Every structure is written in C-alpha cells, then in structure tokens.
Ligand SMILES: Nc1ncnc2c1ncn2[C@@H]1O[C@H](COP(=O)(O)OP(=O)(O)OP(=O)(O)O)[C@@H](O)[C@H]1O
Ligand SMILES: [Mg+2]
C-alpha cells in the first residue's frame, strides 16, 4: 500500500455467513471527474434483505444502482471494481446490461409508472420476457402482493398515472415483482407511502425474501431494524477535498444498531451525526 | 381580481378562450376588495409575507387585457375570412348544392363545376405525404432524442431540418420539375412495366403526377413533424426512461413500447399539423401534380388538389367561376376543420387512455 491509501479509512470486509448472490467490490465510482464512492465491499446475501443506510449524498443510490448497471444510462458514469453475480462479473465486456436487469429488478425512489393501463404496467415485464403462462393470474398475484389489488381491481383498464403517488409506487413494486426477478433492488421504496402502506410493503419484503434476494436503501432507521437482516452504513468523506461516499461498516442489523464497531456508525444511528 | 388565485393562470385561461364570467362567480366581490388585505392580524405575525401591491395587480390586469385582445383578434380575423369566403361562395352553393362535391367535371363554358377529383387528389396526396413524412419525421425525432448521437450534434441536425421549412415552396416546385421528376422516371417506367397490374402503378409517369407531388409534399411537412415530435419525445421525464431500462428492455423495446406511447399525444399533434400543412399546400403542388381532373389510384398519373385548383384557375376566372372557386375553398376549409377535430378527438382519447387525464 502507498502512503495515501494508508491514510484512507477502509471498512473491514463483512464476512457473510450464507451464500452470496451479488458480491460487489467497488474500487471507485465516478460521475465525470467527481469521485462519488470509493473502496466499498458490499456482499448481498441470498434470501436476505440487505439495507443501505447513511446520510444524504453518501452514494447509497449510486452503489445500489451499480448492482444492475442502471447507472450505465448516465453517460459520465464510470465504475471501477467488479460485481460478481452467480460467478460472473456483470461489468465484464461480454455481458449485456439488458440481461442483468432482467434478473435484477429495481424499484425507484420516485414512482414511475408507464403511461399505459394499470394492467399493462404490471404485465409489461411478463410480455417483455415472452411469458407463456396465465398473464392475468400473474398480474393479480403481483398486485395482491403489492397490497394494491383491492384498490384497483375494478379499474385495471385505467391509466397507471391516474393513481395517487403512493398507489403509483405500489404499482411500480407490482410491476417489478410480476416477473419474479432473482434479486430486487429498492431505492427508498416507501418514501412516498403512508404508514399503513409502508407496513404492507415491509411485510411483502419479508415474504419475498423467502424466495428472492433483496437490497434496499432507506432513510428510516426503524424500517432498517424491522426488515433488514444485514445493514451497510455509508458515510461521506470530505478529507480528500471532494465529497466521497464510502462504506463505514457492514454487519448483521442487530450488531450495527446495538453494538456498532465504528464511532461514526454509533453517532449516526443515535442521531448525533452532524 | 381574486387575490388567492396565482397570477398567470387567468391570462392563460383567457388566451385559451376560457376567461368567462363562469370562472369569476365564486368570488363575486373580489374585484372591489382586491387591495384590502383580509388578514390584518396575519400581517403582524408574518411581516415578510404580504399581499401583492397595487402595481402588481394592475400589471396583471394589463397582461390579461393584452392576452384577451390578441385572442380576440385571431378569432375575429378567422370569422371575417370565413364570412367573406362563404359570402362569395353563397351563389355557387345555392346553384350547385351537394352536386358540387360529387361532380367530377369542371367546365366553365358548360357551367358545370364539380370537385370530387380535387377532393380525392387533396386527400390522396396529403395521406401519401403524411405516411412518408410522418414515418421519416418521427424516425428522425427518435434518432435525435434517444441517445443515438450526442446532444450538440443533435441540435445541429435539428436546426438543419428546421431550415427546410424556410425554403419557399416555389423552389420545391422547381426542384421537383427539374430534378425529382427526371429522377423518378426510369423507376416509374420499370414499375409500370413489371407491376402494371397493381393499381398503384397502373399508369406511366409522363411528367408531373401524384408521386413527385406527394414526395415533395412529404419533404415539406417533414420539418413540422420532426420538430414537434422531437419536443414531444424530449418532454418524457428521465424517470420513465429509467423505468423502461430498469425492466430490462433493449433500446428498441424501450422506444417502441414505452417512449412512443408516452409521447403519443405529442406525436399525434405533430402528424395532425403536418397533415394540415399538406392539405393546404398550393404552389409546389400546382407545379407538380399535373392539374388533371381525374380520379386514379395510380401514383404516376396526374391529378389535382383543391388548393392548386384555386391557384391555377383564380387569375383568369370570371364572376361565375370565382363563386365556384370560393365554394371549393369552403370545401377545403371544411376538410381541414374535420381533420383537426378528428386529430383533437384522437389526442383526447390517447391522453385519457395513456395518461389518465380527464
Ligand atoms: N447523475 C449524476 N451525475 C453526477 N453526479 C451524481 C449523479 N447522481 C448522483 N451524483 C452524485 O453522487 C453522490 C452520491 O449520490 P447518491 O444519489 O448516490 O446519494 P444517496 O446516498 O442516494 O443520497 P439520498 O439519500 O439523498 O438519496 C452525490 O454527491 C451526487 O451529487
Ligand atoms: Mg438516493
């Protein structure tokens, strides 16, 4: 190691106990010249919920979106490191990001239904994957899971954009889970939801993790303790002049919240973070 | 003025012709009380916030008046033109009735006037132009907006296309006569020889005709269609694009299944405007379409349109023919109106269906 690298804090790698589905090793993530995230190792365990917490702007969304190459849409984005998914680096040259996103689905921070009917929104992924089975049944199942069925069952032909913000977000969740992706990434999925719908989505997540793997960004500490099995805490490093995000600590949620190793983590979860 | 209403909304309503009394009724006294602050106690609690000043209310009202008068001028002008044309057409409408629309002959000496071939030619040439210009225009818009080329290059490209709109139609006509028709001739001949049994190629291209006219027309409406389509596609929020790619679509799937439906109302507006432009185009068509009074499916036979009938017959027309020509103008206006209403209807439908707007 050279002198500057020694000066930088790097979190101790988290030793996952179970199977790791996505093994994410970030060296550096850039937006143009701006170094957004550095040195973070974030393994996502199978059939578990991994929560990302940290102050605003620390790169949680950036890391999460790197896991299914969503950031490739941003021209200035550059990823250094590797993300192993079932033994294959998703950033390898031969890998088409389209295929990555078919298996690793995403729910975004802001609801973004398509301008088409509620039914077509949920059936979108099924049709995209040329699903041969009963589409109607799948759509209903997905809408039920997303706790939206009762509200929309009589108006499936209406536009998805005619729903309220919270309903739109649940529609987006239904759209994402209809194809039963292997891994589901959620970027603050509940920030537009009321407490009841939040509860329903959390229950859905706990149900989903029986069969799928989830990773979620949240600003809500209670939510992290309620649903996340593993928690990764990110923070911002301003010592190098920029505002660079990095992983501070990752571990079982209990340990992070009850017995954090790092002082920074302790301050953040107790609300003393400045 | 109702002080609770944000300024800027009224003028917009007025410009849209909606500034009627109906909207004012909920606050019948607002006009007199405009300057009085109804919340004197709030004023002492929040010294920074306060009602708009008298000057601000005045400028608001002035702006509203300007918008209203601009809108009225347009409406009055349109009504006046309609009145003039209808007045001049009245004798012909009385003389020929609906027979004018179903008649196929235009003979001043015999006094028979019918515009069915011209109606056919107008619709046929415009539809062909819309098909070509619409497909290419929207394709260009997709090319310019969906990350195929970088932003600066796209802007240059777009400016070039919009410059097409500035070329006078006489130039298009001349280009058609001296360049396009000779260019089309060998191909047309071959198509007619080999596939003459298909009605589209049922005759030979002897000079001016439907094909060169429709082609030039397509080029003329291309800038309109492309520019408005670019705007429609640009307006799609980034999060929609994210949603599409997030589902694992390829670029074409994202464009065909998400982007185009999302922009559909804007794209439709582009097509309707392009079609309207094609219906009314005069000069280039008068030069290229051959001005022949016949109804034919063939792309290569000469035809006529309402606008070019007007342009070519007006200069030497006597009293009787002028009346007939005014009637033809009324028919053209009616077609344009119907097309716009139809377009608006489809647009409302797509807005409701895709975007849930009432
Ligand atoms: N498209 C982009 N282009 C340039 N910089 C970006 C872009 N997206 C994010 N950034 C920068 O990267 C850093 C991390 O952003 P990110 O969105 O990952 O933060 P976050 O932890 O998700 O914050 P929040 O909790 O507010 O959502 C920020 O400094 C942000 O300004
Ligand atoms: Mg974020």
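Cβ atoms are placed via backbone N, Cα and C, with glycine included.
Annotations in TrEMBL come from automatic prediction, not curation.
TrEMBL tags one of the stretches B:156-181, B:182-207 as transmembrane segment, and that stretch is B:156-181. The feature transmembrane segment, as given by TrEMBL for the ranges B:35-56, B:101-122, B:123-144, sits at B:123-144.
Sequence-distant contacts of the transmembrane segment (B:123-144) (same chain, at least 6 residues past either end, Cβ-Cβ under 8 Å): 154, 157-158, 161, 210, 213-215, 217-226, 229-230, 232-233, 255, 259-260, 267, 270-271, 274-275, 278-279, 285, 289, 299, 303, 305, 335.
Tertiary neighbourhood of the transmembrane segment (B:156-181): same-chain residues 140, 144, 149, 205, 207-208, 212-213, 215-216, 219-220, 222-224, 226-227, 230, 281-288, selected by CB-CB distance under 8 Å and a gap of 6+ residues from either end.
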